[in-house]
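Peer 1: Pasting a structure here, questions to come.
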Amino acid sequence: MNGSNPIIEFKDVSFQYQSDAAFTLNRVSFSIPAGQWTSIVGHNGSGKSTIAKLMVGIEEPSEGQILFQNLPVDSQNKREVRKHIGIVFQNPDNQFVGSIVKFDVAFGLENQLVPYKEMVSKVNQVLTEVDMINKADDEPHSLSGGQKQRVAIAGVLALNPDVLILDEATTMLDPHGKSSLLNLVNEVKVNNHVTIISITHDLDEAMHADQIIVLNKGTVFKQGTPQDIFKCEEALISVGLDLPFPLKMNRLLGFDSTYVTYEGLIKKL
């Protein structure tokens, strides 16, 4: 992808939760380009959430190898790897530990014994970046779903990660909240030079990515740019995925079957 060096590589990775169980992942190989947005897409049971656990060393591969910046992700190195990767989950409530927003964002910095003045400055910086500085003294649980995700992202950004993983982070948001959050994530990628990995079943979300990896039954089904992936509409439908809204409307209205974004569909109309 555009000559970018891979920050994460999966090399013939297989995984099973028990030695006598079926493989959740089977000989999976792919690379995540540094500084770009990769979306890992699949229906429930395709293995996408297992990949997120493997990336940060929560689980270890049964076979094959995972590299982070050429460093093996294994029991010996996983603590070092985790310093560089932040995760935002579907339900951010589980990540909140403080009574107000700014304390939650500061939590990771406190654990790193960051000096107080530096910590306050960093918290204000990242809350401003995610447009939540006006909620700094609010209780996290009083916020909307989209606002909670912004706070969770701020907490990750405070630690200056190289990689931000979004594990079904937009699933519980309404269309406006989802669109707003995805625009923010793209800004984070550009402004902070952070590699984005979104784990999702939602092809509308995947349209924002630079690279899409489609999983099916624990294997890589397709991999490429959005333009490459969405040329294969029938194949995507065959593995249980819903087409993005612009492509659905494109088919419904009888337009040509070329890849189309929201903006492109509006121009056709």
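Using the three backbone atoms N, Cα and C, a Cβ is placed for every residue, glycine included.
According to Swiss-Prot, the feature domain 'ABC transporter' maps to 8-242. Sequence annotations record features per position, and here Swiss-Prot assigns ATP binding site to Gly42, His43, Asn44, Gly45, Ser46, Gly47, Lys48, Ser49.
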Peer 1: Let me check the 10 A CB neighbour count of Ser49 (ATP binding site). How many other CB atoms are there?
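Peer 2: Within a 10 Å radius of the Cβ of Ser49 (ATP binding site) lie 17 other Cβ atoms.
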Peer 1: Starting from each candidate's C-beta and looking 10 angstroms out, tell me which of the binding-site residues Asn44, Ser46 has the most other C-beta atoms.
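Peer 2: Result of the Cβ crowding comparison: Ser46.
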Peer 1: For the binding-site residues listed here (Gly42, Gly45, Gly47), which one has the lowest count of neighbouring CB atoms within 10 Å of its own CB?
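Peer 2: Taking Gly42, Gly45, Gly47 as the binding-site residues, the minimal 10 Å Cβ count falls on Gly45.
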Peer 1: Let me spell it out: for each of the binding-site residues (His43, Lys48), count the other Cβ atoms within 10 Å of that residue's Cβ, using every protein chain shown. Which one has the most?
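Peer 2: Counting every other Cβ within 10 Å of each candidate, the maximum falls on Lys48.
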Peer 1: Residues other than Gly42, His43, Asn44, Gly45, Ser46, Gly47, Lys48, Ser49 within 8 Å, Cβ to Cβ centroid, of the ATP site?
Peer 2: His201, Leu215
Peer 1: Considering every residue in the domain 'ABC transporter' (8-242), what is the mean pLDDT value?
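Peer 2: Reported value for the domain 'ABC transporter' (8-242) is a mean pLDDT of 92.
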